[in-house]
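**Q** One structure follows; several queries about it will come next.
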Amino acid sequence: MRHLLSTKTLAREDAIRLLDVAEDMADVQGREVKKLPALRGKTVVNLFFEDSTRTRISFEAAAKRLSADVITFSAKGSSVSKGESLKDTAQTLAAMGADAVVVRHHSSGAPQTLAASGWIDARIVNAGDGTHEHPTQALLDAFTMRRRLHGRGSRGRDLDGVAVTIVGDILHSRVARSNVWLLRTLGAAVTLVAPPTLLPVEVSGWPAAIGYDLDAALAADPDVVMMLRIQGERMNAAFFPTTREYSRRWGLDDERLARLRADSIVMHPGPMNRGLEISAAAADSPRSTVREQVASGVSVRMAALYLLLSGDREA
């Protein structure tokens, strides 16, 4: 594995290997000294063209816990805001000796361009590109599911037979796209639920069932319910009548939460719009994995950086 750009092209064995290495990294986080010397002497650049809190901090923590040198680059206040191209930025990073570049970009396909261009000889990790993909978010979601379902015996396990329902703004969600492909690769059955206006045209070609009625989807007794944020910043039109109407029809409120099995899992990639797509009670319930997902993110990103920069030496 030279780059981590997409879950659509990620092989099953590579996905399970990464999740297993993430288990080892999670064990490290349980120690008093949460650090390994694995990437000492390596330089990891976080190249963020979009605002981010969770993902950026998570990648910073992951690289530092592997003893890498970390450079964080924000487009705001940089030469990019003055018109510098992605090519020129990449060549600048190459001159600085970057070994890995974690890139978040508003344009779909930007990380793939960076990886294939020859502008920089570094491992590329996609930290979210437009509405295309967000592979490490899907991996940390799968890691969290696997731990909840299989506990300490999760190493080497897939998600065969697990029913996952993803609800909300599918149209603008790179998280949904990455999850659909990865979960299918790991054997899960995925159902997407959204108003028709928030489903992309190409969704009919995805390996997932499509529904428009959340109550009907919950009646099918899914193992996992993943709620997605309404991405108002990407909307330039009315995709539903009102937020109240959206919440009434597609929000995970207290009454719908009460219908779920006691051992079901409620997920949200964050940030949450409490009271819109998910109630406070659902977000804070014992079924919720929201905080676990944040912790899992560091472990999964440690595993990704380790495998890209040192873990494949044995392969």
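Glycine is treated like the rest: Cβ placed from N, Cα and C.
Keep in mind the model is a prediction, meaning the values are calculated, not measured.
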**Q** Out of Arg17, Arg31, Arg104, Arg244, which one does Swiss-Prot list together with Arg54, Thr55, His134, Gln137, Gly270, Pro271 for carbamoyl phosphate?
**A** Arg104
**Q** Can you list the residues of the same chain, besides Arg54, Thr55, Arg104, His134, Gln137, Gly270, Pro271, whose Cβ falls within 8 Å of the carbamoyl phosphate site's Cβ centroid?
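**A** Along the chain, the qualifying residues are Ser52, Ser58, Ala127, Gly128, Val175, Pro269.
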**Q** At a 10 Å cut-off from the C-beta of His134 (carbamoyl phosphate binding site), count the other C-beta atoms across all protein chains.
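**A** The answer is 26.
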**Q** When a 10 Å sphere is centred on the Cβ of Gln137 (carbamoyl phosphate binding site), how many other Cβ atoms does it contain?
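**A** Counting Cβ neighbours of Gln137 (carbamoyl phosphate binding site) within 10 Å gives 27.
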**Q** Take the C-alpha atoms of Gly270 (carbamoyl phosphate binding site) and Arg229 (L-aspartate binding site) and report the distance between them in angstrom, rounded.
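**A** Just about 7 Å between their Cα atoms.
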**Q** What's the longest C-alpha separation between any two of Arg54, Thr55, Arg104, His134, Gln137, Gly270, Pro271, the listed carbamoyl phosphate-binding residues, in angstrom?
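**A** Between the outermost Cα atoms of Arg54, Thr55, Arg104, His134, Gln137, Gly270, Pro271, the distance is 16 Å.
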